[in-house]
Structure formats: structure tokens, C-alpha cells
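What TrEMBL says about this protein:
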type	residues	note
ACT_SITE	Glu1298	active site, proton acceptor
BINDING	Cys57, Cys62, Cys66, Cys88	[2Fe-2S] cluster 1 binding site
BINDING	Cys128, Cys131, Cys173, Cys175	[2Fe-2S] cluster 2 binding site
BINDING	Asp373, Leu414, Arg443	FAD binding site
BINDING	Gln802, Phe833, Arg946, Gly1121	Mo-molybdopterin binding site
DOMAIN	243-424	domain 'FAD-binding PCMH-type'
Amino acid sequence: MSERVIEQEEAMKSKTCLVFAINGERFELELSSIDPSTTLIDFLRNKTPFKSVKLGCGEGGCGASCVVLLSKYDPLLEKVDDFTISSCLTLLCSIDGCSITTSEGLGNSRVGFHAVHERIAGFHATQCGFCTPGMSVSMFSALLNADKSHPPSSGCSNITAAEAEKAVAGNLCRCTGYRPLVDACKSFASDVDIEDLGFNSFCKKGDNKDDVLGRLPCYDHTSSQVCTFPEFLKNEIKIDMSLDPRKYRWSSPVSVSELQGLLEVGNGMSVKLVAGNTSTGYYKEEKEKKYERFIDIRRIPELTVVRRDEEGVELGAAVTISKAIEALREKENGSMLAKIANHMEKIANRFVRNTGTIGGNIMMAQRKQFPSDLTTILLAARATVKIMTNSSGQEQFTLEEFLQQPPLETNSVLLSLEIPSWRPVKTKNGSASDSHLLFETYRAAPRPFGNALPFLNAAFSAEVSLSEELNGTVLHDCLLAFGAYGTKHAHRATKVEEFLTGKVISDEVLIEAIGLLKDEIVPDKGTSNSGYRSSLAVTFLFEFFGSLTQTNAKTTNGLLNGGCKENGESLKPEAMLSSAQQIVENQEHTPVGKGIVKAGARLQASGEAVYVDDIPAPKDCLYGAFIYSTLPVARIKGITFKQNKVPEGVLGILTYRDIPEGGINVGSKVFFGADLLFAEEITLCAGQIIAFLVADSQKHADIAANQVVIDYDTEGLDSPILSVEDAVEKSSFFDIPPPLRGKPVGDIAKGMSEAEYKILGSKISFGSQYFFYMEPQTALAPQTALAVPDEDNCMVVYSSSQMPEAVHRTVALCLGVPENNVRVITRRVGGGFGGKVTKSIPVATACALAASKMQRPVRIYVNRKTDMITTAGRHPMKITYSVGFKSNGKITALDLEVLLEAGISEDVSPLMVSGIQGALMKYDFGALAFNVKVCKTNTVSRTAVRAPGDVQGTYIAEAIIEKVASYLSLDVDEIRKVNLHTYESLKLFHNVKAGEAPEYTLPLIWDKLAENSEFNQRRKVVEEFNASNMWRKRGISRVPAVYGVSMRSTPGRVSILSDGSIAVEVQGIEIGQGLWTKVKQMAAFTLGLIQCGTTSDELLEKIRVIQSDTLSMVQGGVTGGSTTSEMSCDAVRICCDGLVERLLPIKTTLMEQTGGPVTWDNLISQAYKQSINMAVSTLYLPDSSTGGYINYGVAASEVEVNVLTGETTVLRTDIIYDCGKSLNPAVDLGQIEGAFVQGLGFFMLEEYLMNSDGLVVTDSTWTYKIPTVDTIPRQFNVEILNSGHHKNRVLSSKASGEPPLLLAASVHCAARAAVKEAKKQVSTWCSNQQEIDLTFDLPVPATMPVVKEYCGLDVVEKYLEWKIQQRKNI
């Protein structure tokens, strides 16, 4: 047989399979066996042993752990292209011929960790660890691509500090606050000194630089075999991989004519054109559609063309956004194409841009009205598009024409777009030589780096010239494009264009143009923040033309410098972030007090750490999905499916009627009563769980749940209570047990009578906040296999829970079995923040019920939307207060009424009272009257979210202080200082928690922070800045935090095994707070007291903390309240003390017998020989002196507000936090920074909104924005104060998990100060200065629309009118 025939047979054989590599391993799949809608993440998690890839949102919006590296080989260029992709969006069939690398493929515990993993661990850059594998891959990809052009020097990378910051800019993390992650990546950069980075395990005080660099895990890209493209794949690529479209649902045409033929053959069939598939992240319903054919268009030359010549730039529709950016970018920063490229970098995030195409983005805008940035900026660039029509022809349109056409037919295809080179129009005298192009793009979005849809985007091009004759800038031609503001497509302001053309730009012309613009750029009815969006249109027009009203406008490289920017913005990226930490490692109880690396950090970075959904699915496992109500109060008449057809894979739907005999319809039973597992006859709120759908896969379960139709009836039912005002009107309240009610302090009547001034009936309100843990709610309930299956009907549940004991109790109640028939196991939780206390219980209970009913294992991985809708979050509140005070600002009395929205059940709501009051009482209010009403509403029950009640309480106090200062026109920092507690007033307000006088460190911290941060000097600098900058205003604020915590009973067990290794068991759950790490340190310290020649570090290596098991250890309680680590440590200390007591006599005897030292191994061996009990259990019980205490901290934050857009930038934050004697300062530092950034989200970014039925509508990463790398403080300085005045604490330590969150109020207060300065300035432009209110309350969260509204939506108009009037007055 000839070689040619063999090659042809091999080619034909290859057409039947997909071939690709994962971590160097070859995978070959029969195409006939693959559902083309299968995503890469589905395959990785269900068909491979690689579990580092995890699902965070399924939208491409989080990058939590779904990010992998894709390597693609070009046989013509013999070049490998490496880039990150989102595995939750990428279709499996599209990786044919590619190599995939996951985090465990970079390195792992078996072959050795990669330097990226080691540095993430060493920089203490992982907490819950769920997002860390994705961070690792993103970092590695950035390093890999930075070093491709030219090899770096050994041990470092060519990556710059700015590139390192952007490497993880698209990845979300809720725990760390990002700073250590960025520092870990920066440690590879050649332009960074490691001594300038944050606290890490490589750089010790007093070390010289060479020693530090020697300890850094070596990175040498030349010796790394990671991502070397496998040779077997190169050989596969050389063979023609064309697929027979008659056999398979997946086709990969290689020409336009072949594509046309496929579309004609498929006429009448449902066809999906595929390139990056990233649209399914936004249009999630696309994932549920059953397409009959998938056509991959990435191999068609006309759709992948990149051409750049004198005529312009042509880009094929299948060119990725990242490749388009490369093609458009020039060396000259000011070119139009470079500006387009820079704007495109703010579309989505890097791993979405790497696969998302320009054609896909344009088609989403054209067909589905997607709020595209790309169409707006290309419209201004006068782009044209080429279309393949269904008649086999090709047509060309301007992009404007194309967008205005009806949605493109399915058998027509966008082929390419062209951005023409600029050609100047002729001026009146026939010459165009003096004209210049002015081009700018704009967007206003919650995140500066992108990864957020804009409130409005715009792009303007204009041809102008300077005219000495007319003494100004003449506009010859312009194109003004606006988009994403609540209309179907990007829109040209043609009336404004016509008006401006031919005119000399002046203030008068500009104000008239603005009037026309406001009539032309109008958001559609129902668009959120419509007034803000309209004001942005005015802002951007003003920024573009503002400086052209001056006759001294200059040109640069043919481009006029337009706009009113006070500080020129360079297109060259510069590093933003810096930090400093002052940490004292305490050696008194070593290894306690040392900043050792978090236990399991490397496993988390490599992705080997096991979470509930990583546990392999048992045989015959089923999967669940929740069906929830969309109406608040409605009768459930029936549950059916769309088209009355049961979707694929569905095995059943469980409702309250499926609760077994003897069981109870209970979803959680904790604290103040029980919640229903399922709604019964009538729904109680939108978002209430109605049923549990069971299917043969999670994908089928989720799709089927979306196909469910609930038949509702509301006739004869009371109207729902959807607000605290409704609750007050209908007296709908929950009772607060007397011990938990707010306690008055002092004589309120006397305090009011002593006041010189009073503010009466002032109001404050708060919205909610979602937990946004990276690991959604998840559970697995395999039916226990027994020799005699009917003997005792046992159930094992694996639950991602902060309270396994409550899960255990509730499952038993629901199933009607004794508690000893239930076992709940929790190893670790991928972030909790309170959301996995009560809210995890119904998830596990529903799985257990289904497993019991169907006698098969059942698991659930709740999708992000359902999670956000059914779990609710932080308690909304409305506060009314009256305050009395003296002329110096000293408050004499405060009377508050708080309306707290609990939702449909109590959950933990009555506990909120103490948190609110405790944090509120950080100031001496003289006398305090405090009344809280817990309102019962028809909304999902609120629960504890990190610092529950305390974060609201601390801000209430600050809002009152700000109000008093504004009323008296006094400096707010002085008002804060005059109202700080003395120790005597602290005892009056906080009683026994105040502790001894030396423990009250707040005054010390207050002054120390002012000195360390140069607070007073910077206030003067801020004043000077505000005086000299019109459109940017700064504010600076110093805020204290007082946070009371309580200790609770908690169990512990320590066992020493025969080989000397140690097993530690606590019921505190590792949720990222470093509990396991501190527990290990405590065990090593206490057992080290035996002094057997084994160092504490050696003992640490012998200790393992094992997973929580509710049958192995009872009375576990809840992991929360910031003190679980301390309590667990003390429980372990008591156990170890018991073991030491048993071992010391043996040691003494051995020493007498041998006359020399005794080793640890010999000691344990002898103890076993003597049958000494080597396991000790205990239940730690705090007494009156150790039951509670107060934490103190102070933060100063400086922010800058863009008066024109409302954007707030946190320039600097300084924190000093009293950790007592920290058990582990590295862990506590991470807790402080992470808590602060989560608080920043609450105060400035995160809106958790509901519709008119009480159903959550901010239910995705598209609509709910947590902080990202680009929104944290640019300079972030933290000092941990090791005060040591805490004899009743656990080795003098104090809590760090929640209290620092309160310090984020400093950002909000600083923003208010900046807005106040803006208002003052605007008042100078008004004829009636009384119309500006300087005593305003800035709402929480102070989002961009809020800040802009309070600065003034019409500031541009007022400024121009004032400016015109000033000239008239001359």
C-alpha cells in the first residue's frame, strides 16, 4: 500500500475524532459521541481527573477558577500562540488540535509546584482558595507572553509592574483584597524591587537583597517544559482535519463558499455559528437552545483576515478582540487606531477578549441590542462592514446603516469590517493642509480596567483647524457617536453634528450644542440611571470640545489636544498600586505569632485543594436544581414545563408533599425558629424555594429548571409587604427577645436638655449586600452503602457549610430519622461571609431528601443566578435619629429608631440589634436611646453577612458626626476627636467588654495613624489640590472602628499517632480565615513545651488538621463572629496541655534510663508501649472574663472624585489595627485587607436590587459589581499593632476577620468630603448660592451615578453659563 493511500486513510480517520491535549495528556474523542454544546469546563470536571478548573458564574465574568491556558500551533509559522480562555464559555469541539493547561498542569504536589504557586503562597495571596487556580493561570500566561519576544535575565521576567497588575484584573476574588495577588505577580517583574512589595515569607527584616532573591522560588522560562506544545498534536495538525458535515453536527468550513453551502443545506434547521461562544455568558438562554448544527467559522480566511495598508485596516469578523487590539496598536500613543485599541482593552476581560470576536460583538449589538463599546467607537471611526447575503452575494454597508437594519438573517454572515484611513475634507479656500483630526473615545463604567458594561460610551471624530482670522478653532466636520445608554444601538447625534460643522468652537456654541444633545441622546423609558446617562453625554461632549474654546489649543502629530482634562493621560500603562505593611512577628510563643504560610496555600494555588464539588460523583449520581417563586404572595396551582414537554434528563420534581412520614418541611432550624424547605400552598416571597428538580446531570437540571412554568393565582390573597414602611403600616414585626433588645445608656431627656443645638428627625438608609462567595452553594448526599441497607437508613451529606451541626440537625428533622443516622462532612468552604451559615442548610437538606426519596446519590451546584436570588444578603435598614450637641460638636444625646428589614422569617435578624448598637457606640454620645423594629416582609429572609449590623452601626455613627459638623460648619475630624470615648465613658457604654484601661488602645491608634500617615499635612495638600483643580476634587477622612466580639464554646480533639504524627480535629470550618493554620501553630507551640529536641517547625510538619465530621465531634456550633479561630486554638491548647501532662512523666523516666535527651519519636513510641491514651478531647468554655472583648482600629482614606463622571478613585488608605498579639500576622493582615475591600464594595459599589415583586434583579456578574484590582486603594498601607494588653485573650490575640470591614466607611466619608468640595465650587457658579445643600447625606452605596448626581448632573451647563456671564460682566 502506497504512503499516499496510508496518509489519505489516516486523514479520513482523523475526521471522525477530536484530538487535543490537557496538561500534556492526549485525548481523542469520537465526534459522534459529543454533544457540540458541551463546554470545556463540563468535560474537564466530569471526564478528567483535573479539578482545578471550577465554575464560579458561568458567565465569563469572574475568572474565579474557570481560566485555563490554550496553546495553539501554527504549522506555517512554526509558532505556538498561548493565551487564557474561559473554560465555562469555550465549547469542547472548538479546542480540536489545541493544548490546554490547567493550574495543576503548571505544577503540583506530586511533581513539584510551579514558581507561580510558590510565590502566591509566599505572598500570603490565598484565603478561601477557590479563585486561586484561575489567578495562577492568569499570572503564568502573562509571564509566558511577556517573555516570548526576547528572553529575560535568569530568575525574573520581562513583565512590567503595570502588566502584572493587569494580569489578574479580570479575575474576581472576594477574600484577599487583591493586593497580595498583585504583589505575587509583581515579584517576577524586572522593574520592581521585592523590598517594595508587601509582607511575604521570602523577605525578612535585615536581609540583604541577594539573600531575599535566593529565597524566591526560581522562575526560569527557558527551562520550563510547561505548555510546550505536544509533538503528537503538531503531527495531527499537519493532516487535513476537515469534517464531513453530513455525519456530524459540528462543521469547520475553510471557505466562504463552503460556509454558504452549509447554510443552504441547513436551511430550516437551527444553526449556530461559533467562534468564541462568549455571547453565551451574557445571553445565557443560548446555552439552553437545542441547535441542530454548529458551524465553526474560525478557519475561513476571509473571516480571519488582518490587513493594514494606506486605505485603512480590514479585520475579519472572526478575528478576536485581543488580536484586533494587537493589529490596531501603533507606536504613536496619539493615533486614532491606538486609541481604539486602548478602548477595546476595556471590553470584558482578557480571557474573554482572547476568544470573543469583533464580529460576534457587532452581531450581538445588531441582532440583540447588546450595549456594545465596539460598535460605538467603530461608528465614530466611520467603519464599514461586508456582509455575505443569503443570495450568495456580498454587500457593503457603513456600520451605521448596518446597525439600523432589521436583525441580520440567520443565513447571512458578517464577513469583515474596515476602518478607513482619515482623509481631510476640503476647507472653504480649497486647502486641507492645515486641518487636523481630533479623535477620542470615552466610557463611564464601575471598573476602570473594564470587565463591566458602561453606563454610556462615546467616540468622537472631528476635523478642525486653527484660524487666526476667526481667533479660534474651526470645526470642518465631525461625527459624534453615543452608545450603551439605553437605546437599541449606538447612535449618532446628527443634529449636533450639523449644528457644529463650520462653526468656531466657543462656550456659546458649546452650550447651544449641549441643548441639542440633551434632546437627541435620550435613554429609552425604563432605563436605569437615565438622568446620569444623559449627563454623561454632555460631559463627554464637553471633554472633547471644551479646550477648543481656547485660542491656544495646540496640536500634536496632527491631532489637536481636545478635552478639559487637567492632567494629561498617557496611553503608556503605568503601575497603579503600592503598599506598605508594618508587622511585628512575636517570638514569645513560637511558632504562634509567626507569619507562616497558610496551611494548604500551595494546594489551593495548584487547584488540588478539594471542595465539595471536587469530590468524585458516586455511581448513579443524580443532580438537583431549585425551582423558586417569582411572585411574593401567590397560590401555587401547578408546576409544569414549557410546551408541556418534560425536558431531557429529568427524573422528578420534589415538593413539600415528598417529605417522608415522620419528617418535617424544614429548610433550616437555627437560633429563632425554623424556615420552610419548600413553599406549601402559598408562596411567601419571590425567591422562595418551591421545588427541587432532579435530573441525570447538573446541566440538564439547570436547563430544565428554567423550563418550569408555575401556575399562580393571587385572587383573594392579601397584598404583599415589600418595604419596612409597609411593615410599619401593617404592624408586621418579629419579636426581639428581651436580652437582645437595644439597651439605653444614660438619661436621654437630660442629654437633650443640655444640648445647645438639635437636629431632629434626620434619616439614613441602607440597601443590601450579597455575599458573593466564589464557590456557590453546593452539597452532595450519597446514600450510605451498608451491608444491610435497611438496618438503620443512614445518610452522609457533604456540605459547603459554616454550620455543619445545623445541617445535621435539619436533615434529621426533615427525613424524620434520629440524628445518629445522619453524618455531615465539611473539609473546606470556598468563601462564606455568613452566607453559608443558614443559607447552606436547605441546599444540603434538599439533596438529602432527594437521595432518600430516590435511593441514589444526589448533588447540587447552585448556579450563580439562583444563588443570588434565593439567599438574599445583608439587612436593608432605615434609620431616623435626633441628636443634641454643644457648640464645640460634643454630642450630649442621641435618639435612634431603626427599621430593619428581616424578610419572611427571623433567621438571625434579632441578633443584628447588638451589632448595630455595639459599633454605633464607638463614640461617646452622652446619652443614647435605641429602638429597633425587626420588620417582617414578603422578601427572602436576610441573614448575617460579614460584620452583620456592625457595618451599618458604624456608618450611622459617622453620618451623625458628619451631619453635626456640617450643621456647625466645623472640621469633621475635630468633631470625631471630641466625641471619642474616655475609658470611663467606654465602660458606661460597653460595660464588661470594655476590659481594663490598658486595653483601650483607640486613642493611641488615633494619634499614631495621624502621625504615620501624615494625615494633617495631607489635609492641607488636599485643600491646595481642590483649589487648583476644577473637575477633580479630593477628600480625606479618618474614621475609628469599635467592634465587640463574643467567645463561645467549641470542641477540639488532638490525637498523636504511633509514628509521632498528629491529627487535630476542630469543628471550626476553614473558610479562608486561616483557622487551620493558627490551630496548627497552637498545637506545635503547646506540644513543643515537652522539649524533646524537636523544633516547633518540625512539629508543624507533623500536624494535620482533619475535616469536620458531625458524628466524630459534636457541639460544633457556627464558624462566624470572627472568634472561631481563637476558640478553636484554645480548645486545641487545652487538649495539647493534657497530652503534655501525660507525656512528661514518660520523658522523665526515659531521660533517667538513658541519661540523655529523648527524641519525639522515642517518646511517642514509649507512650504507645505503655498504653497511654494519646487522644484528648475537650469543650472549650469561656468564662465571664474571657467571654467577650472589643477590637479597635483606625483608617484614613483619601479619594479623588471626577466631578464630570462621578468616578471615585481611592488614592490611599492607611490602617492601624490592634490585633493584640497576633497568632499569625500574615493571616491577620490578609483578613484586614480583605475585609476592608469587601467593606469598600458595600459603601461604594455593590447594589443588590429587587423589582416591584421583591425578586432580586442584580443576579449576575453583569449586574452586581464587587471590587476588583482597579477599584482598591492605589496605595494601601496597613500596620498591625501588637498591643499585648490582653491577658484574658488566647495568648493575648484578638480577632481580625470582620472588624476591619467597618474601616471602609473612611472611603465613603472621604468621598462625601470630595463631593462637598464640588458642591462648594458649583455654588460659586450659581447666582443664588443658597440652592446648594452642604449638609447632605451621601447614600450608600455611593456609586458613580450617586456621586455624579450629588456633584450635580448639570455642572457643565452651569459652568459654561457662568463663564459666559463672566465675560459679559467684563
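Note that the numbers count up from 1, one per residue, in the order the chain is shown.
Cβ from N, Cα, C; glycine included.
In TrEMBL, annotation is done automatically, which means it is predicted and not curated.
Keep in mind it's a predicted model, so treat the numbers as computed, not measured.
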Identify all same-chain residues not among Gln802, Phe833, Arg946, Gly1121 whose C-beta atom falls within 8 angstroms of the centroid of the Mo-molybdopterin site's C-beta atoms; report them in sequence order.
Gly832, Gly834, Gly835, Val837, Ala944, Val945, Pro948, Ile1071, Thr1119, Gly1120, Ser1122, Gly1297, Glu1298
Using Cα coordinates, what distance in whole Å links Gly1121 (Mo-molybdopterin binding site) and Arg443 (FAD binding site)?
41
Using the CB centroid of Cys57, Cys62, Cys66, Cys88 as the [2Fe-2S] cluster 1 site centre, which other residues of the same chain sit with their CB within 8 A?
Leu55, Gly56, Gly58, Glu59, Gly60, Gly61, Gly63, Ala64, Ser65, Ser86, Thr1261
Around the [2Fe-2S] cluster 2 site formed by Cys128, Cys131, Cys173, Cys175, which additional residues qualify by having Cβ within 8 Å of the site's Cβ center?
Ala64, Thr126, Gln127, Gly129, Phe130, Thr132, Arg174, Thr176, Met774, Gly830, Gly831, Gly1072
Considering each pair of residues in Gln802, Phe833, Arg946, Gly1121, all listed as binding Mo-molybdopterin, report the largest CA to CA distance in Å, no decimals.
13
Sorry to bug you, but what's the C-alpha spacing from Cys66 ([2Fe-2S] cluster 1 binding site) to Cys175 ([2Fe-2S] cluster 2 binding site), rounded to the closest Å?
17
Give me the Cα-Cα distance between Cys131 ([2Fe-2S] cluster 2 binding site) and Cys66 ([2Fe-2S] cluster 1 binding site), rounded to a whole Å.
9
Quick one: Cα separation, Asp373 (FAD binding site) versus Cys62 ([2Fe-2S] cluster 1 binding site), in Å?
20
Measuring C-alpha to C-alpha, could you say which of the recorded positions Cys62, Cys66, Cys173, Glu1298 are within 10 Å of Arg946 (Mo-molybdopterin binding site)?
Glu1298
I'd like the number of other C-beta atoms within 10 A of the C-beta of Cys175 ([2Fe-2S] cluster 2 binding site), please.
30
Between Arg443 (FAD binding site) and Cys128 ([2Fe-2S] cluster 2 binding site), how many Å separate their Cα atoms?
34
Let's check the environment of Arg946 (Mo-molybdopterin binding site): how many other CB atoms sit within 10 Å of its CB?
24
What Cα-Cα separation, expressed in whole Å, is found between Cys173 ([2Fe-2S] cluster 2 binding site) and Leu414 (FAD binding site)?
37
Within 10 Å of the residue listed as 'active site, proton acceptor', Cα to Cα, which of the binding-site residues Cys57, Cys62, Cys88, Leu414, Gln802, Phe833 are there?
Phe833
Determine the minimum-neighbour residue: among Cys88, Cys173, Leu414, listed as binding-site residues, which Cβ has the fewest other Cβ atoms within 10 angstroms?
Leu414
Residues with Cβ closer than 8 Å to the Cβ of Cys62 ([2Fe-2S] cluster 1 binding site), same chain and 6+ apart in sequence?
Gly56, Cys131, Asn171, Leu172, Met774, Thr1261
Could you state the CA-to-CA distance between Phe833 (Mo-molybdopterin binding site) and Leu414 (FAD binding site) to the nearest Å?
46
Using a 10 Å cut-off, grab the number of neighbouring Cβ atoms around the Cβ of Phe833 (Mo-molybdopterin binding site), all chains included.
31
When a 10 Å sphere is centred on the Cβ of Glu1298 (active site, proton acceptor), how many other Cβ atoms does it contain?
29
Which whole-number value in Å describes the distance between the Cα atoms of Gln802 (Mo-molybdopterin binding site) and Leu414 (FAD binding site)?
51
In sequence order, which residues at least six apart in the same chain have a CB under 8 Å from the CB of Cys57 ([2Fe-2S] cluster 1 binding site)?
Ala64, Cys88, Arg864, Ser1260, Thr1261
Long-range Cβ environment of Cys66 ([2Fe-2S] cluster 1 binding site), under 8 Å and at least 6 residues apart:
Ile41, Val53, Lys54, Leu55, Gly56, Gly60, Ser86, Ser87, Cys88, Gly134
